[in-house]
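First comes the structure, then the notes that go with it.
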């Protein structure tokens, strides 16, 4: 029912298709984040127009609002939000990290205080799977223990061991044949721990494998290095997903190291704050230099924003018009979607390295090389 088809490789980069009951997911691919069943500011049709094959929903937030039972009563996440393609739901594990001041973690569960009303919520691996099954996502994630980096080795080892045990509990609890389950590799920035975790999780036969616990405070170069020594220990016949990443540079550097799937709020969050991604690098449209600029953000971009001038887009933000965040969110997701399509084409043509280096140069970056 779920199958990863590897079409070709170019160096470490992989071109493939993740086949799901609701349609194929082309890889490398980027998943727009619809935390509460909506990609902020955009309609489902607008999201689809950016080239996305799969979107992401958030288990923790949907558990609180409107509640997973409510989502199920409304026909599941797909019917509720109107998305016909595949949906991936995260497990709530990242909230253990991001809302750490109001959470506690022990072997049994992560205990939350709702950021909405302060209600106590106990999230066990089994309850995380129960919620994701009620939501009806196509891909569920195991519950893991995320920590900030850098961290003491004892803390990294403890979170790693707990994540492996929780993954095993999720594997037992996940009994829907129409829902894939992805494991999450932890281990901080330590090569030995990452490889140990990858090997132990690979033995549990998940439908896909995520690299988690990165983009949590470490320098980008440490992320790239860690991805590079982790992916060789993951099954080649399963999709590889780097969670919560990232900038256009992050995407290309990690694709070079064997990653297939990404998600991040960066395109839409930055779009709501007047920052547009382009081949010239990011443009901050509130800057006065754009006031009289008649050019579009990009000449060849088919998004809604690029029908207008940079000066008009700046005006929308300065005036506080809601159209500004909508247009830039659409542009940024379109930019990410087109970047992924161009990347897939470059891999198939055997030109990925040259493509990556040209893009990085346009953004003002040098290719990253690990030190031996």
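From the backbone N, Cα and C atoms, a Cβ is placed for every residue, glycine too.
With 90, 91, 92, 93, 94, 144, 186 listed by Swiss-Prot as binding substrate, the candidate from 67, 118, 213 annotated for that site turns out to be 213. Among the candidates 290, 315, 331, the residue that Swiss-Prot annotates alongside 301, 303, 306 as binding Zn(2+) is 331. Checked against Swiss-Prot, the range among 268-272, 273-277, 278-282, 283-287 recorded as region 'RNA binding' is 268-272. Between the listed ranges 244-250, 251-257, 258-264, Swiss-Prot ties the annotation region 'RNA binding' to 244-250. DSSP states for the region 'RNA binding' (244-250), grouped as helix (H, G, I), strand (E, B) and coil, give 3 helix, 1 strand, 3 coil. Looking at the region 'RNA binding' (244-250) alone, the prediction's average pLDDT is 97. Those residues of the chain, other than 301, 303, 306, 331, with a C-beta within 8 angstroms of the mean position of the Zn(2+) site C-beta atoms are 296, 297, 298, 302, 304, 305, 307, 330, 334, 335.
Note: the CA-CA distance between residue 301 (Zn(2+) binding site) and residue 263 (active site, nucleophile) rounds to 21 Å. Nearest in space to residue 303 (Zn(2+) binding site), taking C-alpha to C-alpha distance over the recorded positions 90, 92, 186, 263, is 263. Counting in whole angstrom, residue 93 (substrate binding site) lies 15 from residue 263 (active site, nucleophile) by their C-alpha atoms.
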